[in-house]
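Asks: Taken from TrEMBL, the feature transmembrane segment applies to 9-27, 47-67, 88-107, 149-169, 181-205, 217-239, 448-469, 535-562.
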Amino acid sequence: MTDAALPEFNYIFAIAVIFAFLDAFNIGANDVANSFSSSVSSRALTYWQAMILAAIMEFLGAVLAGSRVSDTIRSKIIDVQSFENDPSVLMLTMACALVGSSIWLSIATSIGMPVSTTHSIVGAVIGAGIAANGSDHVEWGWDGFSQIVASWFIAPAITGALSATIFLITKYCILERKNSIAKALLFAPVIVFICFSILTMLVVWKGAPNLKLNNLSTGATVGSIFGVGAVATLLYLLFFHPYFTRKLVYEDWTLKFYHVLAGPTYYFKSTKNIPPKPDNVELVIDYYRGRRAEIPVVLTDDEKNAGDSSPLVESQISNIDPSPQTPDDIGYFDYVTPAERKLWRSMILKPKHWIKLLWLLLTHGWRQDVISNQANAGGVLGHGVQDMYTKSKFYDTKTEHVFSLLQAFTACTMSFAHGSNDISNAAGPLSSVYNIWMTNTVGSKSEVPIWVLCFTAGSLVLGCWMFAYKLMSNLGNKMILQSPARGFAIELGAACTVVMATRLGIPVSTTQCAVGGTIFVGLCNMDVRGCNWKMVLWCYLGWFVTLPVAGLIAGLINGIILNAPRWS
């Protein structure tokens, strides 16, 4: 730090560090929620389980597999050579871009608006770049701005088509067949092989730039893809298949989750000594709890023959733990009970309780019931959510249980790939500022120090822990009725889209992939009312305004600083 080539601009570096932290914090609070929203909403994972997995996968993805070389300008959106004679201006421009991006992401996260963090930093770079050098040095063609606009429609459409195809195959081949649990167990090894092969493609082609897996030969790539799929299938057949068969088919209610380690022994154990299941014991979690109707309609002949799926419901959805507030009542700290707020106020006035207060703030997100928040949401966006549930089918929970495992694996892989790539939205500009500060030179590429990756990854994890519930409460069950089978289709469709887009060079956002997959899977109910279109419009509004708003903030700040009066 003492060897900086531009010590007179220490304050710019300090500002960049602060706002890079805020930018990464909001990437965690906004973007990471997309990877686990379906898993939490479907109850495949609890919120705290998702947060632990997200912290591990995002941090490992960023530090171990993240790109150590980042474009000085995101997506080469502005001409670096125009700053060659005055690197300090580029240093200021990148710092202002971080300020603009982080401010907009903070606003979007506070109001529960899912936005693309990649587009936020690109918009901020465009705005700050125009303020510094004018619009002539911005790449407006297909290699720059036009690609971003196209991705607003390309990413949701591709993901939606793939997710809908996956879900419809699952729906008609498994979920709506007689004895659906047997069909699920029969097809599960094939699904595991396909799923892990695709996820391996995701990691090889997109999720590990630092490991240079994308430079493997064709033979090594194909071998790794099919090898991982085969090993995953073998492990499933050894441990999970006998465990699921004994638990779901023979209804061994005494099995706990850790008994999966004894899976191979269940191939040889007798099922005759399994004790009868008590009436008050749930074999598996009810993935639709709180979203079913109190009184179902009379079954038609077709519905009676639809296998294990339950009928369409037309009565009011039962309430679950009604919240005394609606989401519009307060800002960042939604769903804080009056008693909790009173406790916080009292602790603020007593310094000896500040450590406890800090702990309550850090764990506030962990104590949120995301599913209850979704079902009892107020305001314009949450109105009619209960009626939306009545347009969807509820499938057998034992069959859904098989898909919960696959959904968890898919979410973890997407999270790893996200951490290794999207952390550069904060780390890239910060490393640019740092390298210019240290060398007083401009280059098309800049090394990303390991401390930058660790710093931004830690901030990302913190943001995820504290405020990811905000976005999860707006996505998931607030957009469609979620379940493990639906969530698995959404996440696998998003993974396929990222794989194809990476190979074809099409820019996509994980946010847009998640939303597109969710919409199309909701339409698989064959009723347009099975999707909350107000929430869809809310998402698109966020995508449309992200670029101009982030760019305007960054451009105004950079323009004011560059053109401010100076002492002679």
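Don't overthink the numbers, they just go from 1 along the chain as shown.
Note that Cβ sites are derived from N, Cα and C of the backbone, with glycine treated the same way.
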Asks: As a test: from 9-27, 88-107, 181-205, 217-239, 448-469, pick the stretch that has the greatest number of Cβ pairs under 8 Å with the transmembrane segment (47-67).
Replies: 448-469
Asks: Please report, as numbers and ranges, the same-chain residues at least 6 past the borders of the transmembrane segment (217-239) whose CB is under 8 Å from any CB of it.
Replies: 188-189, 192-197, 199-201, 204, 260-261, 263-264
Asks: What residues elsewhere in the chain lie close to the transmembrane segment (535-562), defined as a C-beta under 8 angstroms and at least 6 residues from its ends?
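Replies: For the transmembrane segment (535-562), the sequence-distant neighbours (Cβ-Cβ under 8 Å, at least 6 residues beyond its ends) are 89, 92-93, 96-97, 99-101, 103-105, 108, 113-116, 119-128, 130-132, 148, 152, 381, 474-475, 478-479, 511-512, 515, 519.
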